[in-house]
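Below: the structure, in structure tokens.
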Amino acid sequence: MIPVAEFKQFTEQQPAFKVLKPWWDVLAEYITYAMLMIGVFGCTLQVTQDKIICLPNHTSADVVSQITCQEFTQQSSASNDSDLETTVPPPTATSSPPREMSGLRNNLDLQQYSFINQMCYETALHWYAKYFPYLVVIHTLIFIICGNFWFKFPGTSSKIEHFISILGKCFDSPWTTRALSEVSGESSQEKPNQERSIDRELSKPNFEEGSPATADLPIPDKLVAETSSASALDKKEGEQAKALFEKVKKFRHHVEEGDLLYSMYMRQTVLKVCKFVLITIYNAVLVGKIHFIVPCSVHTEDMTGYNSFCCNHTKAHLFSKLAISYLCFLGVYGLTCFYTLYWLFRRPLKEYSFRSVREETGIGDIPDVKNDFAFVLHLVDQYDSLYSKRFAVFLSEVSESRLRQLNLNHEWPADKLRQKLQHTPEGRLELHLFKLPGLPDTVFEVAEMESLKLEMVNEALIPPLVSKLVRLEELSLLNCTAKVQHASMAYLRDHLRILQVKFDDIKEIPLWIFGLRALEELHLFGWLSQDLSKNPALESLRELKSLKVLTIKSNLSKIPATVADVAGHLQKFSIHNDGTKLLTLNALKRLVLVKELELVRCELERIPHAVFSLTNLQVLDLKENTLHTIEEIISLQHCRKLSVLRLWHNQIAYIPDHIRKLKGLEELSLNRNKILVIPSQLFLCNKLRHLDLSFNEIRELPPEIGVLQLLQYLGLSGNFLEDLPTELFFCQKLKTLKLGQNRLASLSPKVGSLVCLVKLELKGNRMDMLPPEIGNCLSLKRSGLNVESLLFDTLPVDVRDKFKED
């Protein structure tokens, strides 16, 4: 007997696969079980019972067609009927006596009967009648294999198992329930929220007002920090949901590339249809070959004395009924196959739209999917559309951003953020956030913050809670794409004073920054397109009505004409061009109110003529250019308010005599050039307070230096000075004197007359000793005296002790 458990391995599969089995596949599966039971039952009967029973035919026949078994049965029936008629006479007064029946003797023993039965079973019985139950089992197993092949094939089973694993986790995830419940709650409150005032909006956790940057976001950004603890996810659940988002992204990217699942399902369905047609045809034709009486001709006269037999196929009647039942089940199975083909071709299964889910849930950014991803979702819908609805939550970027926000709030509580507060060089209390996946809502609980720096923060969204930062004046966006909501923009527009934006792509510049009407300083750092028409951000400067400082560190070939839009109030304009040659500077002429102008690393060879028309200019900085001559300096006399001139880090070989025309100069920086001689006319600029000639090739300092009675800073380090004029020490207000890395052999004792001296640099010279009079520099401390230790030790003990005490 064949146990049914032996066939378990053919039908066994993971219970989770049921989500990918539509109703027709389930029906087909149960039909195959029924057909399998028919085959197993037939095989059991075939094995356990006699297959055929034969009796010899006393009429000899050479071929099977001559054997008259059927006529024999008819004759037997007729004779029986005639005998019955003769034995049952009509009722008369008298009746004949009963006739005695006598049987035929065949003179065969049991072994001969067994031999004949086996011979006739093999030679006379039709093959369909012999192997019918086995064929049913084989065909049914093939149907089962075809129906489940894509669950076992390596190329498809891995994707299916991965999908089912993710689908189950998404269905059971607490984040799915939370997201759907929040959306359903928000949709009922959306209309009242739009009518609330800004103050009301800021106090409610479920508020969001769309802005150009966020108007298309389907899920309002709730303030996660203020949600009730009953609905809040713990940290572990948040991390699990975050991992699910990553898995869904990777799975979608992997599966949407091809259509292997769809093709495999299509092929196995077509194969089942073809096999169904073949099996139905040959079974319908051959089912009539199952006979109860089977004539048999076997040449066994020498062994048995007979060569023709009439055999009884004992299971013919039952097999014929099983065959008809099998054909009925097979017909229903075929209908499911044809319906599957109809379903496959009726609609585009390689495209799946979440339109109904978007309308029902309110999550408007759920993307439509294609190829194998779409196909498996169509199959899941046939099982239960709720799976797709809950799975769609993990396809939404807005849902992911909200989860990220929740995890951020767990990771960065307000107390932890306060520990990161630092003071900037300007004295502001700054919070620096680096490489975070978003902006925690808890940031807006740090009310004492004055400056917020966001560096490489992905998708930072500034909510209306920013109004809590009443002391916020400065915002830095370093390689950070930031979006603001309408209520946030209303607050920043009136309160933000300083903004720094560093970018790698012009698209990273948020356009909302050009609507900050209270902004006073704007600093842009990044590469702009050489074609200014492709720089739309620079076309919006006209909205910055309060802008006073504009800094651009980029690679411009010409000054944007739109800079003139802020000419009426711009006071400081800086360009750091990173070595790119600045060719066109005509736009400078319109900056009539500019007081400070910096053109750094612009590859300028001469002082631009456009500068000379800036009558309000006070500070001119041309650092790190390629200036060889400054003969045009005479034209700077038109800039009557010019007080600071920085021409440092260039290749200037000499100072022209007409520098004396710049009577108002208070600071002149010519360090890091190639100047050989200092003209005496320079010292006619008697208002100089800061003179830096360090790291040139100067060999002599003119005695006219003593004319500069207001001089407080003198830098002569890195030159070839061998001696200092006595007149230098007439500059009684000198506070900083840098003479390091020269060739000085001694220092005049008159250095003691510099009572205001705070810093004296002498390191790197050829001195053997220091004058004791250096101790008369009452303001000079040991920290301000930069000399070698051995040289310091040449001072008298009392002088050294004085410095040490200080």
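Residue 1 is the first one shown; counting continues down the chain.
The backbone N, Cα and C atoms fix where each Cβ goes, glycine too.
Note that the coordinates shown come from a computational prediction; the quantities given were computed from them, not determined experimentally.
Here is what Swiss-Prot records for this protein:
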- 1-22: topological domain 'Cytoplasmic' (TOPO_DOM)
- 23-43: transmembrane segment (TRANSMEM)
- 131-151: transmembrane segment (TRANSMEM)
- 152-275: topological domain 'Cytoplasmic' (TOPO_DOM)
- 188-207: compositional bias 'Basic and acidic residues' (COMPBIAS)
- 276-296: transmembrane segment (TRANSMEM)
- 324-344: transmembrane segment (TRANSMEM)
- 345-806: topological domain 'Cytoplasmic' (TOPO_DOM)
- 641-662: repeat 'LRR 4' (REPEAT)
- 687-708: repeat 'LRR 6' (REPEAT)
- 710-731: repeat 'LRR 7' (REPEAT)
- 733-754: repeat 'LRR 8' (REPEAT)
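The residues of the repeat 'LRR 8' (733-754), classed with DSSP into helix (H, G, I), strand (E, B) and coil, number 5 helix, 3 strand, 14 coil. Same-chain neighbours of the transmembrane segment (23-43): 2, 4, 7, 11, 132-141, 143-144, 147, 315, 319, 322, 325-326, 329-330, 332-333, 336-337, 339-340, 343, 382, counting only residues six or more beyond its ends whose CB sits under 8 Å from a CB of the stretch. A Cβ distance under 8 Å defines the sequence-distant neighbours of the repeat 'LRR 8' (733-754), meaning residues of its chain 6+ beyond its ends; these are 694, 709-724, 726, 760-777, 779, 786. The average pLDDT for the topological domain 'Cytoplasmic' (345-806) in the predicted structure is 90. With DSSP states grouped into helix (H, G, I), strand (E, B) and coil, the repeat 'LRR 7' (710-731) comes out at 5 helix, 3 strand, 14 coil.
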